[in-house]
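Student: Relevant sequence annotations retrieved from TrEMBL are reproduced here:
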- A:5-115: domain 'CMP/dCMP-type deaminase' (DOMAIN)
- A:H56, A:C86, A:C89: Zn(2+) binding site (BINDING)
- A:E58: active site, proton donor (ACT_SITE)
2 protein chains.
Amino acid sequence: MINPFTDEYFMKKALQEAEIAFDKGEIPVGAIVVVNNVVIARSHNLTELLNDVTAHAEMQAITAAANYLGGKYLKDCTMYVTLEPCQMCAGALYWSQISKIVFGASDESRGFLKMGTQLHPKTVVKRGVLAEEASDLMKRFFATKRK
Amino acid sequence: MINPFTDEYFMKKALQEAEIAFDKGEIPVGAIVVVNNVVIARSHNLTELLNDVTAHAEMQAITAAANYLGGKYLKDCTMYVTLEPCQMCAGALYWSQISKIVFGASDESRGFLKMGTQLHPKTVVKRGVLAEEASDLMKRFFATKRK
């Protein structure tokens, strides 16, 4: 039997969130949190709208997922996020003790891997899922901004 | 003329916030944001009450200060925080481009200095202001929890 709940399936939902951010003039990053194949949180970057550097997609998704679960730890959860998390978001994911992080495009300048931000020892990371789609969206966004 | 607006003066206000957290059963960390000797944000850790690992004092203070200023960058601001910020909070402070961070007690296990979290190049850091008071409050909190 074919499993429809692949990483690509869920990353597409995160990409849909990124597209919503794009349409709002926000840097297009989207994130969702999944537990047992159910999406329990979805969010996109809102730093411009909220005038708040902490309003990254991942931060909102962590808060929303904890609210849904009624507890602050995301131990059996997977986050799908279109761009590699930054120091702040990786630091928040550390505190959340999330089980798995799947990200799309790498962020070679400000991503947590280059910055050396520490995740929780139990957190598994998978990278590069629909990376090209996420990266294309970012490039399209910054090309528009330069016009 | 004596300047009443010393770092100790403002750190006492952050400590008052930490004491409010203590009374609520939260890990007692407090933070304020100051611009031109005026306190524009004050907050304390609320991770338990809000069931949210992102609800550190610093995160809330950044959001509140940006809200007050009507812009997301805290370029002329100083944050006073009773405990050395973690990776998440230091990462948020990086994005905020805050001018100065003054902290009290060091966090040898999870503080941003040990973790190597990068701040904005323009951010100045001063440590150890009323460190003993902040540290005593933390010790008192964890001693109560162990009972």
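A Cβ is built for glycine as well, from the same backbone N, Cα and C atoms used for every other residue.
TrEMBL annotations: computationally assigned, not manually curated.
Since we're looking at a predicted model, the values are computed, not measured.
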Student: Take the Cβ of A:C86 (Zn(2+) binding site) and count every other Cβ within 10 Å, whichever protein chain it belongs to.
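Tutor: By my count, 24.
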Student: Count the other Cβ atoms sitting within 10 Å of the Cβ of the residue listed as 'active site, proton donor', across every protein chain shown.
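Tutor: I count 28 other Cβ atoms within 10 Å of it.
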Student: Translate the DSSP assignment of A:C89 (Zn(2+) binding site) into the three-state scheme.
Tutor: helix
Student: Just name the most isolated of the binding-site residues A:H56, A:C89, going by other Cβ atoms within 10 Å of its Cβ.
Tutor: A:H56
Student: Using the alpha carbons only, what distance in Å do you get between A:C89 (Zn(2+) binding site) and A:E58 (active site, proton donor) once rounded?
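Tutor: Roughly 6 Å, rounded to the nearest whole number.
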Student: Rounded to the nearest angstrom, how far is the Cα of A:E58 (active site, proton donor) from the Cα of A:C86 (Zn(2+) binding site)?
Tutor: 9
Student: DSSP on the domain 'CMP/dCMP-type deaminase' (A:5-115): how many residues come out helix, how many strand, how many coil?
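Tutor: Summed by class, the stretch gives 44 helix, 25 strand, 42 coil.
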Student: Check the domain 'CMP/dCMP-type deaminase' (A:5-115) for me and report the mean pLDDT.
Tutor: 97
